[in-house]
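Taken straight from Swiss-Prot:
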type	residues	note
BINDING	287, 291	Mg(2+) 1 binding site
BINDING	287, 291	Mg(2+) 2 binding site
BINDING	431, 435, 439	Mg(2+) 3 binding site
MOTIF	287-291	motif 'DDXXD motif'
């Protein structure tokens with residue numbers, strides 16, 4: 001496939017005209033959800049007396065997408081769990097779930113808690129599938145040097161794969177095993193986990209009916225908000241007249257919104273999703289122009305225009321770039337209007353992040369033209385990490401968030417802290433693993449995969465395996481940094497981890513953004529199909 005022959009939009013004007021079937025019931029659903037929230041709150045408070053019950057309830061609320069309604073209660077419960085020794089430390093399920101939830105919420109818990117579950121020869125002693133699943137998920141919150149967690153993943157994966165061959169394994173549990181082997185719980189997109197887990201929870205014997213009903217209502221209400229946002233961003237996108245003026249780019253506005261919703265799914269982040277969706281779409285145009293369509297001279301003209309950020313620079317650009325450049329400037333200005341006078345300063349950081357992205361892309365063009373191969377993967381990532389766009393998109397989501405994200409937070413982000421680099425590295429390595437064959441055939445710059453092949457004389461398959469190992473190392477970097485206290489809001493670190501999850505999802509088997517038919521069904525589940533209440 002030629003890199004400039006991307007398939008057309010799969011959605012077109014669908015969300016401009018779409019009327020969700022649940023919209024007329026919005027008032028009733030909201031009223032019912034408010035009643036159920038308080039009922040579930042009482043259940044959560046009652047669970048404080050028993051650690052296992054508390055852990056089970058917290059993980060259930062998280063998987064159903066309800067935890068944001070109970071942030072204070074959950075934080076308080078987990079502080080109690082962290083300080084209490086009143087639990088069975090010989091119960092692997094409890095130990096694993098406790099470890100998972102505490103680390104996920106930023107508590108430093110030692111992985112030594114798992115050594116007691118090994119025999120004298122250092123092998124894990126466990127054959128219960130539910131315990132294996134929980135241990136496997138817990139182990140993925142590992143950092144560097146935690147050998148016991150590395151070993152736990154190897155052991156549990158082997159055991160879980162074997163369990164799938166057991167005809168006596170309950171079907172529900174087998175489905176959970178298959179899903180977990182594909183993507184461990186910590187790396188799943190939270191909103192998609194809710195979609196997948198609601199029907200599973202509905203079949204569990206110990207389900208709480210109030211929680212189940214609330215989860216369904218909560219999703220359907222969120223879906224209505226997403227559809228309103230999709231109408232807005234689709235109308236915004238149509239003004240670019242992509243089909244006529246930019247037919248060579250990836251026309252993916254719905255997929256952009258899907259990506260942003262995967263990272264920031266809570267209703268209160270509506271403006272954040274809209275701004276980040278627009279920025280992702282604009283970054284996609286920039287990438288396709290500079291990477292696959294423009295001549296070197298044209299790409300450098302566009303880069304210089306973005307560095308200067310002046311309207312009159314459009315006069316120096318070729319026709320197909322001119323309208324895009326002016327629309328880019330107009331969009332950033334309109335974001336400032338939406339943010340209001342007290343937060344409009346944030347658009348400065350959108351511009352600065354875009355400039356960093358363009359510098360990285362310019363360096364890659366230079367490599368391509370000179371047939372230059374970076375000497376190390378680190379050298380490659382220094383330039384290709386920023387150009388992948390993941391961090392710029394994450395930062396654009398912060399622009400639309402509340403006042404807890406301060407000017408100091410944005411200044412810190414502009415220094416590209418190590419947490420940011422771990423996100424960029426994960427996104428770049430995943431992107432290269434998924435798309436390297438297509439891009440090399442299209443004459444792109446050397447990817448990290450190709451770089452490794454040339455450095456070590458390996459095959460592409462061998463290089464891809466090594467890049468996957470480096471990706472795991474970057475996840476360990478991220479987890480280590482996530483657990484390190486900083487003066488900045490925890491929301492920043494949490495959102496950066498969420499964006500790493502979206503990269504993992506979009507590039508799991510192939511480039512799901514470019515070849516978006518691979519994610520079309522999931523997009524429909526998120527935006528089109530309401531969950532039945534009965």
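A Cβ is built for glycine as well, from the same backbone N, Cα and C atoms used for every other residue.
Location within the structure of each feature annotated in Swiss-Prot.
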| residue | record | Cβ contacts under 8 Å, 6 or more apart |
| --- | --- | --- |
| 287 | Mg(2+) 1 binding site | 361, 387, 389 |
| 431 | Mg(2+) 3 binding site | 388, 503, 507, 511 |
| 435 | Mg(2+) 3 binding site | 447, 507, 510, 511, 514 |
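For the motif 'DDXXD motif' (287-291), the DSSP counts in helix, strand and coil order read 5 helix, 0 strand, 0 coil. Sequence-distant contacts of the motif 'DDXXD motif' (287-291) (same chain, at least 6 residues past either end, Cβ-Cβ under 8 Å): 3-4, 6, 248-250, 298-299, 302-303, 321, 324, 358, 361-362, 364-365, 387, 389, 444. When averaged over the motif 'DDXXD motif' (287-291), pLDDT in the model lands at 93.
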